[in-house]
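For reference, TrEMBL has these:
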type: BINDING; residues: B:Val164, B:Glu185, B:Cys214; note: adenosylcob(III)alamin binding site
Amino acid sequence: MAYRYVIRHHAYTFDDLKTLLARASPLRSGDVLAGVAAATYEERVAAQLALADVPLRDFLHEALVPYEQDEVTRLIIDTHDAAAFAPISHFTVGQLRDWLLSDEADAPALQALAPGLTPEMVAAVSKLMRNQELIAVARRCEVVTRFRNTLGLRGHLATRLQPNHPTDDLRGIAASLVDGLLYGSGDAVLGINPATDNPHTVHQLLNMLDAVCEQYAIPTQSCVLCHVTTTLELLNRSAPVDLAFQSIAGTEAANSSFGINLGLLQEAWEGTRALNRGTVGQQVMYFETGQGSALSANAHHGLDQQTCEARAYAVARRFDPLLVNSVVGFIGPEYLYDGKQIIRAALEDHFCGKLLGLPMGMDVCYTNHAEADQDDMDTLLTLLGVAGCNFIMGVPGADDIMLSYQSTSFHDALYLRRVLGLRPAPEFEAWLEQQGIFNAQGQLLPASASAQLLGRLPAALR
Amino acid sequence: MTDLPNPLPAAAPAPDPWESLKAFTAARIALGRTGTSVPLREALAFKLAHAHARDAVYSTLATQELLAELEKLQLPVLQVRSRARNRQEYLQRPDWGRQLDEESETLLAGLAEQETDVAIILADGLSATAINEHALPLLQLLVPQLHQAGFRLAPITLAEQARVALGDAIGQRLGARLTLLLIGERPGLSAPHSLGAYFTYGPRPGLTDEARNCVSNIRPEGLPYHLAAGKLLFLIQQALRRQLSGVGLKDDTGLLAE
């Protein structure tokens, strides 16, 4: 079905819903590269005006990627909760935007609505919202998840400790791990990106992380971010797998370029849960996403990259994850050109994920060929703190020496917690206090050898 | 005597007591802190590293110097450009960086057809500085070895605003059985000028990354020139003998696993 909007005698026609969404999307390099972006500023606003009048029901009837061709579309349609959708089923996209910003849309209302929303509806409404509105609505959503601690509580901010090393050297990783813990990082997960997907190496890394968690009785979870098929293999070898990780995307074709499908994820989910390693919960999945991944696999079906990204959240939602984060600035300037585009995309991703009921965190990051720097990341970090982001990354000095990009540092998390009064996950905070790392007010104590951890370093460092 | 505040503020933030762990990793650990912030010395060290990386992205090929030095290798040199006209276009349009511009197409089309074994291409990629610094020391070792092994070399091509796949069009026009493309890799904070070497058997437009092999991190502090040259010679011999490159070659040799 075609959509039309007339501005001063110029009639804009948008052939179908996916074209309308793409033209309405705020400018970013990836949509230009894909040839789906609006050609002019006026066309973009015309598309937004037309999109505002589209009934939400249309999204249930017009699949952006054909139902027969794509298992993500089938997942979205087949699991849509009509009862949850009923209260807003008469809305247009524009009316949804106004309602979300109204005082009626409080945390319980948003939580109840989540299963009634599809990724495409959420992507659509985000295109009609300014940054402050994405923040204001996301801040109202509270998505709490549990494994060995409680993540996502209002007023809390967690960090993934990311102690990567270019050759997976155990001592190098352990050194960064200790550094991070002594700076109060690691409540979301102790998560290593391995340099190789070799099962033997991954197994060694898992053993090391498990030993550290055991030795210091740290109430957190560990993860080696290998391919899900490697995790499945390691489950068979009885490796200590807390969480199963996978990068996911919003179309079946893009997922297949990652070497995955819903069946594989289901298998990993069931296998990891069966280990029963959680203490306060059994949410065992960790997913990463990012705008542009479908286009880079030439699997975007003419959709804009933000809509593709929101569809990835339907995949994540299916498996009741502990953690989901977009790696927003990692993909490079051909998808998100500069600080402005990265910031906008991160706020969209956080908003869309939260509205769909996901425990969204964010890798606040950039590469050296993007037009971005630490100042842009400070801005984004602060905005996400205000928006109630569940977790950010903790990388020594913000410099990931394995992946060669810049993320957030242990110091950045301390800054954000201090200026916004945010606390770590409660169980982890109690541990930090007991170790002599934090005081009772949640502030880092002066670095002295009094921290118990330094007195008995992990085996890998002795 | 001037009244000084009492107690005197500390001159610099105290170091972290676990500084000794720095021996185990190049990661920026044990930075110390002032409040929740990184001490100034460390903050500026980071900024300097980022400045080097940014300058590398915007660096350009030192064409005159390269031409003068390449002359000594006694091979003809061609200069081509991609369709990306500047860095902004290059960064946002990877598709243009993979296509020759019109003038370059004409130049290559006008060359006499002559079958060769290896076409060497120097591409700026994301760090022209990497080419300026490392391409010649590597070629001075590798070119004589290629000659000695009996391979016929095509003219050397200097390519501006070039992505890896631009080499496919160049190699095909030059009638080469294999391209060896040296390119500036995406700069990292610790290595802003690292050289990558991609080789592709049977180059033609439309190939994707699985058709290539890569030897990366070529620089004195990474993979030194003589080791890189030895590795490349071996792999090029293999590729020409077995008439393939990419995943197939990688699976079999096992030597590429880094």
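Counting begins at 1 with the first residue displayed.
Placed from the backbone N, Cα and C atoms, the Cβ positions cover glycine too.
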Three-state secondary structure, which DSSP defines for B:Glu185 (adenosylcob(III)alamin binding site): coil
Secondary structure of B:Cys214 (adenosylcob(III)alamin binding site) (DSSP, helix/strand/coil): strand
Other residues, Cβ within 8 Å of B:Val164, B:Glu185, B:Cys214 Cβ centroid (adenosylcob(III)alamin site): B:Gly125, B:Leu181, B:Ile183, B:Gly196, B:Ala197, B:Tyr198, B:Ser216
Maximum Cα-Cα separation in Å among residues B:Val164, B:Glu185, B:Cys214, which the record lists as binding adenosylcob(III)alamin: 11
Cβ packing number for B:Cys214 (adenosylcob(III)alamin binding site), 10 Å threshold: 18
Mapped DSSP class for B:Val164 (adenosylcob(III)alamin binding site), helix or strand or coil: coil
